[in-house]
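What Swiss-Prot annotates here:
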BINDING   Gly14, Gly15, Glu16, Gly17, Ser18, Gly19, Lys20, Ser21  ATP binding site
Amino acid sequence: MNNLTQGKFITFEGGEGSGKSTQSQMLYEYLKSQNTPVILTREVGGTIVSEKMREILVHEELLPMSELLQAMAARYDHMVRKIIPVLKEGYIVICDRFLDSTACYQGLELENGIDLVYNLHKTLMPPLMPDITFFIDVEPDTAIKRVNLRNMSNKFDIRGIDFYNKIYDCFKELSNRFPARIKTIKASDLSMLEVHELIKKHL
């Protein structure tokens, strides 16, 4: 699906408290140190318009379909305005969350929602999928303890262990469904640097 770009598209996925944002940043800093053309972005967000949509999505309680469509609209703006242009210039794009997060966070709230998310992406979005996705696999019990230490939170952070388990199981399911693309990094008992080194081995 990536025949319209020259660069490489890397995404990081995982539940709240998994450390995926930290690993996204660490990989970005590493590639920059190697003089590799690279940008770091995130979803929901990444552009002025999408960041405004993010504020609604992560703080307001929306109807499930409204939340899904909000996420998809933000992604379209992000892809067209930012991701695809820099990929065409040969950059590596690192994105903290992408389509798989939408499947798990929004898709699970709808009947046949996971398949719906991927079908909507295929139908509505430009023909682009990640070249590689890193699923940072951290057990929910560990993840929720990390989140409880944060000073800031959104509506997803403060949901209980049942929600964390559901999201975790969803990412595990997706890693089994798309094994060629999604690389699972078992990170519960590893340091940040150890996780980073494992990620580098897949590049």
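Using N, Cα and C of the backbone, Cβ positions are placed for all residues, glycine too.
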Using a 10 angstroms cut-off on Cβ to Cβ distances, just flag whichever of Ser18, Ser21 is the loneliest among these binding-site residues. Ser21
Output the one of Gly14, Gly17, Gly19 that, of all these binding-site residues, has the highest number of other Cβ atoms within 10 Å of its Cβ. Gly14
For the recorded ATP site formed by Gly14, Gly15, Glu16, Gly17, Ser18, Gly19, Lys20, Ser21, name the remaining residues of the chain with Cβ within 8 Å of the site's Cβ center, in chain order. Ile136, Val138, Ala143, Arg146
Cβ-Cβ neighbours of Gly15 (ATP binding site) (radius 10 Å): 28
Look up Gly17 (ATP binding site) in the DSSP assignment and report helix, strand or coil. coil
Measuring CB to CB from Lys20 (ATP binding site), give everything in the same chain under 8 Å that is also at least six residues away in sequence. Phe12, Glu13, Gly14, Asp96, Arg97, Phe134, Ile136
